[in-house]
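Trainee: Take this structure first; my questions come after.
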């Protein structure tokens, strides 16, 4: 204890000048961070930004080289100091359920952690039933941990971390790889414990769209803080507007816009441009000018999302760092390939049983060449099994289908030659170099030497791998690895590309670049792309989506169509900015507003009639003496669509069981 | 596609996969060092160090006679088999030292030993042997009996006035001619045995580890959706690893066995390498089957230990195959090492050819085919 009296009591964590080195590599470089009591503080950043190192050091399980990390006023610099603060801390390490015991049941895991922390039995029973209720795990008390889905494991991990009611919870990427519904449950517990018990939480995430849930946050990149403050303060660092519109031909429009704007994305039929302009008229005029004579339709301007701001910050960081190029402007085209058209995938009534369990139940859908088709669903919904059937790894129990023009049941070999596949793990050989990986896949697909050489040159240029050719794959940044994996999947010019959660662990710029590649492949070459993802903000890029639940497709259509459908069912999303949000939420819930939830300092509710409800909301809060700063309607996100659909289905399934 | 084009594509695929395995192995420096050590230094150590022969057995003597004859008998217990640990006057002291394990044998010579011999009376000496280590103890006892017996008969002949050579009485005498290992150099057997052990361990472990690593990293999915057949995926590993093992084996053969221990190669070197390849392929089948069951490298390590352990102990290099119970022998008909031992000693030391070895070769071919088939079936099945 160096300065016991000097620390103001409300500061729970104070990190200053923190440096962590792994050999020569500086994982964290002079980082400062202050977390106050009762706040949910976010650490956001891509893989390798240094989030885990900071969190481990604060939890007292990692040594560091320079600077200081103080927790509850105690300098955590030795094992003994760490032991002093550990009883007041809960730490959830990164990875799904890594702190749990697979052979113990849900309840046994909780009991174990509680007894380890000497929680009295009556108290344990009370907390356990409350935590199991909010996470909706109470039905699975007796189930072994190893039989839980990823999302459930993570919720159980959180329960075990919180069972001794720590004053400070340190949660390292608790929502990575967790389906959106479980993610909402997760945030519900955190919000409740923060409000009821005054718990402080330090949470890291790679999901930009979760940033709004934090009171304050730091955005990390390469071990340094790029921006920090409240979400609103970070947002105001890069002022501007986001303009969404349609134009055609889309690729030509993108090319023209790119001359002028740094952030141009195509989301299915839509284009999404971040402009520095602050007035909507000026912003649209600027875009119209850039497009020259191309049409400009269905225009909409919005406040930028945090992700737009973060990408702008990252782009600025890269410009300032010489030697790190923001990526070459790749105009490479494969020589002499003809445009593909027709149906790429036809699935008819596909069924797959594993023993008595039906993993996929009468799934039918079509995919055209040149289409990007997204398959969404929680873990265990059957997405992966569908992909495995279409790629010929698993034969269907019943049903039929054609992939790349060949019959699934009889022409498995032909299908395999015409499709490309890229998995979550990127499926590269990390001990081989970039070139060796490409050459291997060229050999696997039986390419002759000359052809292989041509494709290799194309892949290196297309995926922006120039300069990395002879590097070991294991040493490449995730974004580069991902593009290499895509390149390897494309080595034989496939007609259909299957991507199974291909963007985990890649930073926002890398992800945008990846999507740009995908839309070029689809638009220019007519490759059909089937993609599964947990990242619902990414699903916006798809032309069409299918939502899977319990082995069936329960909704299908364009993103806009799906959103409209859900808006009809549950209403529009309203966001309320008020002081004392915790208190305000109570009043909003008491007044009977549907779907009320806390998002950081903002309250979200659903409304079928926003005009009328805005007045009611203002009335309710004014009567309670709470000042309302703003009430606005927002577009539903695909995550809202997903969660609302799945929750409705889960409720229906439960009713069926109880009936 | 014509049949020829198909064959070219097939070959290209196999070559790409095999080259990949070799590249990956060449980047695994710790494994390479371990491989190098196993086939060089470790062969030297075990060839020079391991011996089943009785050496330096500590002998304690209680001589109650102190005569010419007793001294003569004691002097016949010689190095390298026995080492003289001293003389005691109290026989209880001898028993104590035996109990404490400080000596292995206690030789007790009774008083009037010389007198009895000279006068033609019956007399006896006693040898107490610690047979905690059964093979050593039993051979110590055996040697002692032979020494005492020879001493007795020679003394008997001498007292009858005859020297051994002049003895005209009818008796059977044995004359040894040692074949295949004329100097009875045990280091030949032990160093070859060690090379066989290492060959077997690596033949199981290398392909199994390579396959499981693909499962762990998820790269195997990528291979499954490619036009590769399970056979190409698995065979490429065996091919690459066999090549590496053969190189390591040549190192052991030409770097250690020949120059250090002067082990001969009586038969055809080509045949030896060919049959070694067969052994490696067959044994690799076990590893591949294990790899289709295991989920990670630790598991596959444990499983290969289960397979390789008994194989090494019971196939006939650690103890003679013939002396094992019938059921163990039956189980060991499934051990490729059992046949490979016959083949190796046959080719290297006896100069045997295929005409003599067709039985073990046939057995290995059958076994290898069955294992590969089973492994491929498991490989296909595990992903469905």
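Note: Cβ is positioned from N, Cα and C throughout, glycine not excepted.
Unlike curated records, TrEMBL annotations are generated automatically.
Not measured: the values here are computed from a predicted model.
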Trainee: Suppose you had to name the range TrEMBL annotates as transmembrane segment; which of B:7-28, B:29-50 would you pick?
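Mentor: From TrEMBL, the annotated transmembrane segment range turns out to be B:29-50.
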Trainee: Between the candidate ranges B:148-166, B:167-185, B:300-318, where does TrEMBL place the transmembrane segment annotation?
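Mentor: In TrEMBL, the transmembrane segment feature sits at B:300-318.
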Trainee: Can you tell me which recorded stretch out of B:29-50, B:233-257, B:269-293 has the most Cβ pairs within less than 8 Å of the transmembrane segment (B:357-377)?
Mentor: B:269-293
Trainee: Residue list, the transmembrane segment (B:29-50) vs rest of chain: Cβ under 8 Å, 6 or more residues beyond ends.
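Mentor: Same-chain residues near the transmembrane segment (B:29-50) but 6 or more away: 187, 190-191, 193-195, 198, 201-202, 244, 248-249, 251-252, 255-257, 260-261.
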